[in-house]
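What follows is a short report on a single structure.
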Amino acid sequence: MSDAILGEQLAESSDFIAAIDQGTTSTRCMIFDHHGAEVARHQLEHEQILPRAGWVEHNPVEIWERTASVLISVLNATNLSPKDIAALGITNQRETTLVWNRHTGRPYYNAIVWQDTRTDRIASALDRDGRGNLIRRKAGLPPATYFSGGKLQWILENVDGVRAAAENGDALFGTPDTWVLWNLTGGPRGGVHVTDVTNASRTMLMDLETLDWDDELLSLFSIPRAMLPEIASSAPSEPYGVTLATGPVGGEVPITGVLGDQHAAMVGQVCLAPGEAKNTYGTGNFLLLNTGETIVRSNNGLLTTVCYQFGNAKPVYALEGSIAVTGSAVQWLRDQLGIISGAAQSEALARQVPDNGGMYFVPAFSGLFAPYWRSDARGAIVGLSRFNTNAHLARATLEAICYQSRDVVDAMEADSGVRLQVLKVDGGITGNDLCMQIQADVLGVDVVRPVVAETTALGVAYAAGLAVGFWAAPSDLRANWREDKRWTPTWDDDERAAGYAGWRKAVQRTLDWVDVS
């Protein structure tokens, strides 16, 4: 929808919620109405910094500047003033790790992104000496390069002056939600240093039962507690803070919702009951299953995480399968191979062939996440023959997205004992009809996309709105959810089984490729 849509009409009403979505490749601000309908947005990309193989960084200053710009632009384009916004929510790429000076606001180092694998030796050592079991038991996570704890340890050990600053109380840690919130509420002039339970649950540092930083876990990574933010509800009864009047919003708006991006998508998809699941297709894929107030420990390579917490209610938990490379594999076809000029062309190219021609592509660029958790894996194209073309590679790339999701669904069913009946989907790739049809075929269940596909921003808008009474209760959110498109399986059982067997065989070829000992 156009940035300027509705123009002056919007300013006649105060019935709007703003949502900041600070993602891996871009930052956007979106405005929603009472019906959960998007009425405006503005979005800006930021640089992907790749200093060496396996390292991925972002510039924290650029992230904040992009956040300020999208806020200013969407408010200006719609003629909205701060008094027209009932509340503001923040959702973000999780695990990405920032450290900055509380007095100057200057970062000590670039943000280390969730995809970054420089901490593989830290993670491997934790598992080798048995300490990984403590992390699994308390934090619900396996020791992996994915999570914030190892990234923060790396900064403390490798960036001059950071450990001393942390021990003196001068250095602050946060994921992007904390960084954006701190700057919006004043930065060095009294900015609020806080995160929510969902983001904290992705650090390997928070106890899932107490919802607090755990001293035993902190000691594993030698992290001073003083540098950590306060942990709060995803939609607290009192605002985290208010936007600084002299900041990009131009007035005081309460900030009342914070959710990690995948948790926000769960809320946006209204997966609020145990057994409901969604799959978000972005840079990576993230499939979550609501397990209610029960902490379900995975025996099949999944993560146990906080799904959300509203107000002072008990937290709701989830099982999650995190997949590192899905949408970014399509970007690889565009940026590194040059066989497409835009992501949308992947569908047209893949439609030139009826199948993958016996070729499988496993995009383990930075190892494999759920359910394998193998940082020693690297990408591979297998089954290649002279018969294969660019079209087969495009098809195999779309299939890789879907087969990785099948890996997670199978693990989820084994852990929960719940057979998936339908999969709600969201994210950019859901606009690719062929990919979604393949997903239905690979899983053998219907795949359903909602009218509002940007469920991440919508979810945190819901959280922020619930906190201020913009929506009275979660039941109001269900009335807003509407189906846009449904894909029904066309493969028979034999075709489905044969295709998946080939995928599993291909995955085995990617293992033990790099030494992480």
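Backbone N, Cα and C atoms are what each Cβ position is placed from, and that goes for glycine too.
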Binding-site annotation, Swiss-Prot, ATP: partner of THR24, THR25, SER26, THR283, GLY327, GLN331 in GLY130, GLY428, GLY431: GLY428
Per Swiss-Prot, member of TYR146, TYR317, TYR360, TYR372 binding glycerol alongside ARG94, GLU95, ASP261, GLN262: TYR146
Rounded Cα-Cα span from TYR146 (sn-glycerol 3-phosphate binding site) to GLY327 (ATP binding site), Å: 17
Listed in sequence order, residues not in THR24, ARG94, GLU95, TYR146, ASP261 with Cβ within 8 Å of the centre of the sn-glycerol 3-phosphate site Cβ atoms: ASN92, GLN93, THR96, VAL113, TRP114, THR175, ARG202, GLY260, GLN262, SER322
Among GLY327, GLY428, the most crowded of the binding-site residues [Cβ within 10 Å]: GLY327
Nearest of the binding-site residues (THR24, ARG28, GLU95, TYR146) to THR283 (ATP binding site), judged by Cα-Cα distance: THR24
Reduced DSSP assignment, ARG94 (sn-glycerol 3-phosphate binding site): coil
When distances run from the Cα of ARG28 (ADP binding site) to each of the binding-site residues ASP261, GLN262, GLN331, the nearest one: ASP261
Distance from THR24 (sn-glycerol 3-phosphate binding site) back to ASN432 (ADP binding site), taken between C-alpha atoms, in Å: 20
Using Cα positions only, nearest of the binding-site residues to GLN262 (glycerol binding site) (THR24, SER26, ARG94, GLN331, GLY428): ARG94
